[in-house]
Amino acid sequence: MIGYITALYALAAATLVAAGQNELVQCTPGEYKIIGKADCTGYYLCVFGNPVEMPPCPSGSVFSSSSNVCVPKGSIYDDCKKTTDGSGSHITESPDQGHLSPVERCNRDGNGVFHHPTECQAFYNCSVRYTPIPRFFEQHLVECPYPQLFNKETKQCDHFENVKCGTRTEFKDGFRKKALPGQYKSNMCGGSHCIPCSVRLPSCEGKRDGINVHPVKLWTPFYVVCYKERTVKEDRCKVDENGRTQLFHPEKNECVSLDMIPREHGGMMPECGTKVDGFYLDDFGRCDRYVHCQGGKYIGTIKCAVGEAFDDTKGGCVPEEKACGPCGKLDHW
């Protein structure tokens, strides 16, 4: 089932999803695009032809459709509600000013934008002025939403596959590691009670495209979806056809029922280690199913038809009124 869902990400036709009371977001397969919300509170990422709602802009800021980033509300760069009638503001590329600091360049150039010298996801927007300056940032510094990068040619945040970073460092993870000086600062914890970055945005470095085990939520319903070593989103297993909880099996790399999860990991897998090959009553006394053990390993659980019960003398399901053993209605067996 999970493999089927993953395939839909890459092959589904253009999709329309509701994104608010009267808002629709349209994505096209094969096209990576950012679509701002109509109320400017955030944006959607089009990934594999499907819209993924991203976290909202911080308090006091709005989403700018011209630069594809969240900017201070009411600032010069705030173009909310203006882009539809062509009156939205535009930014211009500042010429090279040698070894001037970003603040010095902005003081000289006024409203301009230029790339960060070492980090490909970051850039400076002279129209963005912080009071006070956010933690981990510096004056005028802006970051593209993960996993986008700053495109020097278009002067905007763009899909990472469209950006040539050159000598600038391109980070695949969306959070900072202690061993590295950069990465996406916006995703870093700003206080002592913050949920760790590795939990909020698990790493996909070295992992294949599609679904993968969540590195810090093992044997839970959670898993991550990766694309080219970037984290697309965290997702969770759906309930099975009977409405029962499923967990993500890190070895099988798929969602499975609790019967397939070892007990030491919170599951209900039957014990077969000391049993000879054969069929046995369910460990939890459920008479409408029985367990298959082979080679000291659990093979699977077989369910009986409605009105049947497991008969351990026959090693299978029989009508309830004819069953012998713990689940039978006959007095003598």
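Every residue number used here counts from 1 along the chain in the order it is shown.
Even glycines carry a Cβ here, placed using N, Cα and C.
These features come from TrEMBL:
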SIGNAL    1-19  signal peptide
DOMAIN    24-82  domain 'Chitin-binding type-2'
DOMAIN    103-167  domain 'Chitin-binding type-2'
DOMAIN    269-326  domain 'Chitin-binding type-2'
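According to DSSP, the domain 'Chitin-binding type-2' (24-82) comprises 0 helix, 25 strand, 34 coil. Taken through DSSP, the domain 'Chitin-binding type-2' (103-167) splits into 10 helix, 17 strand, 38 coil. Applying DSSP to the domain 'Chitin-binding type-2' (269-326) sorts its residues as follows: 3 helix, 25 strand, 30 coil.
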